[in-house]
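Each remark here refers to the structure printed beneath this line.
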Amino acid sequence: MKLLSLLMLAGIAQAIVPPREPRPPTGGGNKLLTYKECVPRATISPRSTSLAWINSDEDGQYISQSDDGALILQNIVTNTNKTLVAADKVPKGYYDYWFKPDLSAVLWATNYTKQYRHSYFANYFILDIEKGSLTPLAQDQAGDIQYAQWSPVDNSIAYVRGNDLYIWNNGTTKRITENGGPDIFNGVPDWVYEEEIFGDRFALWFSPDGEYLAYLRFNETGVPTYTIPYYKNKQKIAPAYPRELEIRYPKVSAKNPTVQFHLLNIASSQESTIPVTAFPENDLVIGEVAWLSSGHDSVAYRAFNRVQDREKIVSIKVESKESKVIRERDGTDGWIDNLLSMSYIGDVNGKEYYVDISDASGWAHIYLYPVDGGKEIALTKGEWEVVAILKVDTKKKLIYFTSTKYHSTTRHVYSVSYDTNVMTPLVNDKEAAYYTASFSAKGGYYILSYQGPNVPYQELYSTKDSKKPLKTITSNDALLEKLKEYKLPMVSFFEIKLPSGETLNVKQRLPPNFNPHKKYPVLFTPYGGPGAQEVSQAWNSLDFKSYITSDPELEYVTWTVDNRGTGYKGRKFRSAVAKRLGFLEAQDQVFAAKELLKNRWADKDHIGIWGWSYGGFLTAKTLETDSGVFTFGISTAPVSDFRLYDSMYTERYMKTVELNADGYSETAVHKVDGFKNLKGHYLIQHGTGDDNVHFQNAAVLSNTLMNGGVTADKLTTQWFTDSDHGIRYDMDSTYQYKQLAKMVYDQKQRRPERPPMHQWSKRVLAALFGERAEE
């Protein structure tokens with residue numbers, strides 16, 4: 001094992017002076033974390049402040065909220081502030097707000113009702129700041145508006161209601177589309193596009209000059225319907241017949257929603273349908289839309305084929321409506337991620353460019369691409385990855401971004417000039433740390449957020465001087481003082497090397513009173529999905545994993561291992577799992593467990609694994625290997641067969657069933673011997689109202705195991721009535737975590753020998769499965 005760090009107390013490089021001394025959360029007191037402090041969510045945690053930067057003539061202005069709820073305009077340059085919205089003008093119970101670009105009005109969302117992961121319904125109101133008047137966006141609204149957004153330059157608001165698009169302007173509303181309904185979505189995504197493609201609730205984009213609106217129309221006609229029953233439906237007395245929610249949910253190889261591209265001239269209300277010919281209609285996914293001009297000359301979309309291993313960037317000239325493929329790529333060695341990173345740059349040496357991230361070289365890096373097509377210009381390179389573009393400053397010709405240059409578990413903030421190609425760190429990039437930043441509208445200032453591994457903080461900087469902060473935004477001094485009362489888990493990060501040569505990142509938590517001469521139970525806590533990352537230098541949440549490490553009756557060591565297929569270690573590392581999800585990932589977890597057992601303190605009779613969602617699937621696949629290393633497992637909301645999951649996620653990694661039938665059969669959890677041979681127990685938890693990973697997965701998995709001969713002393717299935725993927729309905733999470741705590745406690749108490757079995761149970765098992773029950 002190559003030790004990378006222990007709380008990362010690294011030396012300080014001379015190039016960049018750090019904003020403050022490291023403040024490691026080492027505790028120093030005698031208190032141990034308790035269940036109530038950690039579960040179901042961490043109560044001892046860092047605070048962070050989210051600032052709404054304002055795009056005005058003067059850079060460095062942002063909105064903050066006072067203790068009484070008033071909205072304050074802060075000016076960094078003049079160090080002054082002004083109350084824009086008094087506390088008594090703030091609607092009670094509002095959910096969110098957005099300022100008009102000229103700060104003369106505020107758009108409020110109230111009466112929030114959650115729909116899916118990102119989408120919600122609400123009422124919207126417009127507050128005229130000067131007059132103090134509050135006007136409904138739609139006079140007859142009934143908590144049914146799906147999305148609303150200010151134009152970047154004028155008084156217009158685009159909004160979606162009943163899946164139809166509307167334009168509001170100075171109190172006058174124009175309905176743009178008339179065909180919205182259960183199967184037609186204008187300007188908002190359907191379920192699968194929201195969940196798997198955009199990761200957001202809108203599908204409309206104003207041009208920079210506000211004169212045009214690009215939007216997508218989704219047609220779900222013919223997409224199969226999945227029905228979710230709600231047994232209680234938030235009622236005190238359950239209805240005799242459950243409410244049934246019908247969702248158009250395309251599973252693997254089923255019909256996908258089709259998508260159309262539309263342009264709207266806002267002044268004339270003239271709408272144009274732009275033919276999308278990058279791929280056939282039934283083989284098309286639109287992943288991104290971006291304006292490639294400072295006005296409205298050109299707009300582009302990113303098109304994928306159905307299985308997302310081929311990509312075309314198509315530019316549309318707005319006036320002529322002509323389309324042109326300006327870039328394409330073959331990614332059939334794996335898949336192509338939809339990074340949503342296109343941004344217009346403008347003129348560079350007499351030619352117009354846009355910026356994007358691509359991993360075509362094997363590592364994700366920043367490139368300039370000509371707007372009209374042509375040879376790209378690489379701005380970053382190396383065996384590390386750009387994680388995100390934070391800001392493009394066209395005046396200074398700088399792109400700000402975060403990367404893994406120091407190590408795949410870290411994040412540092414840099415700028416790169418697209419004039420000189422010089423890359424400059426904004427932080428000390430010679431130490432293991434996790435940073436991000438939020439830049440002002442014109443790029444002159446930024447909030448630097450240090451997120452770990454030490455106690456997080458936020459500070460304000462000018463881009464002219466990254467060495468000296470202008471002010472502290474969030475110090476978390478109170479958290480640091482609080483932590484001094486505690487004796488905390490000892491966290492370390494290291495790598496283990498596979499026989500094939502790849503290295504896996506590991507995060508280890510040891511009990512606060514760890515004694516290397518004692519034996520400790522261990523719980524592996526993977527997620528492990530494609531492109532994901534669990535092992536990072538971000539703040540170690542004092543959650544359930546920290547609790548089971550701290551409780552004197554439990555004292556578990558936890559290992560989190562990022563297996564092959566996870567993110568930020570290059571395309572080859574990610575793509576290794578293509579067409580066979582769960583195979584290499586499970587091998588890697590087993591290998592890591594065997595490496596763990598080289599430690600004398602690891603109790604080989606009490607090695608568990610627990611995961612949620614993809615992690616629950618990986619838990620089952622790991623136990624399925626029948627390695628004998630793991631003695632118990634817990635799968636929360638798991639996929640059990642990817643033929644039961646949605647098409648746009650699954651086919652990206654597995655292709656269609658027609659192309660990869662054997663791969664799907666092997667990926668499904670289907671072998672039972674590993675479960676039958678467990679020394680301990682296997683627990684499945686799932687919410688019956690899960691609209692993402694359907695309860696069907698848990699039902700099929702438990703049936704497979706029961707029919708395969710897994711006995712009642714080895715298997716428990718726990719459902720949570722009406723709960724979604726997060727298991728939060730009606731205090732379900734409280735029960736869930738108590739069950740988890742009981743499970744790990746019982747497994748620690750379990751002795752290696754088989755518990756006694758009643759004679760009746762022996763006879764029944766023998767009759768059912770033809771087994772000879774041991775005396």
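Including glycine, each Cβ sits where the backbone N, Cα and C put it.
These come from Swiss-Prot:
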- S613: active site, charge relay system (ACT_SITE)
- D690: active site, charge relay system (ACT_SITE)
- H725: active site, charge relay system (ACT_SITE)
- N81: N-linked glycosylation site (CARBOHYD)
- N111: N-linked glycosylation site (CARBOHYD)
- N170: N-linked glycosylation site (CARBOHYD)
- N219: N-linked glycosylation site (CARBOHYD)
- 1-15: signal peptide (SIGNAL)
Residues with Cβ closer than 8 Å to the Cβ of N219 (N-linked glycosylation site), same chain and 6+ apart in sequence?
D183, I184, F185, P257, T258, V259, Q260
Which one is it: of the recorded positions N81, S613, which Cβ has the fewest other Cβ atoms within 10 Å in this structure?
N81
List, in sequence order, those recorded positions among N170, S613, D690 whose Cα sits within 10 Å of the Cα of H725 (active site, charge relay system).
S613, D690
Most Cβ neighbours within 10 Å: which of the glycosylation sites N111, N170 is it?
N111
Distance between N170 (N-linked glycosylation site) and S613 (active site, charge relay system) at the Cα atoms, whole Å?
46
When the Cα of N81 (N-linked glycosylation site) is compared with the Cα of each of the recorded positions N111, S613, D690, which one is closest?
N111
Where does N81 (N-linked glycosylation site) sit in the DSSP three-state scheme?
strand
For D690 (active site, charge relay system), list the number of other Cβ atoms lying within 10 Å of its Cβ atom.
23
To the nearest Å, how far is the Cα of S613 (active site, charge relay system) from the Cα of D690 (active site, charge relay system)?
11
Expressed to the nearest Å, what is the distance separating D690 (active site, charge relay system) and N111 (N-linked glycosylation site) at their Cα atoms?
23
So if I draw a 10 Å sphere around the Cβ of H725 (active site, charge relay system), how many other Cβ atoms end up inside it?
18
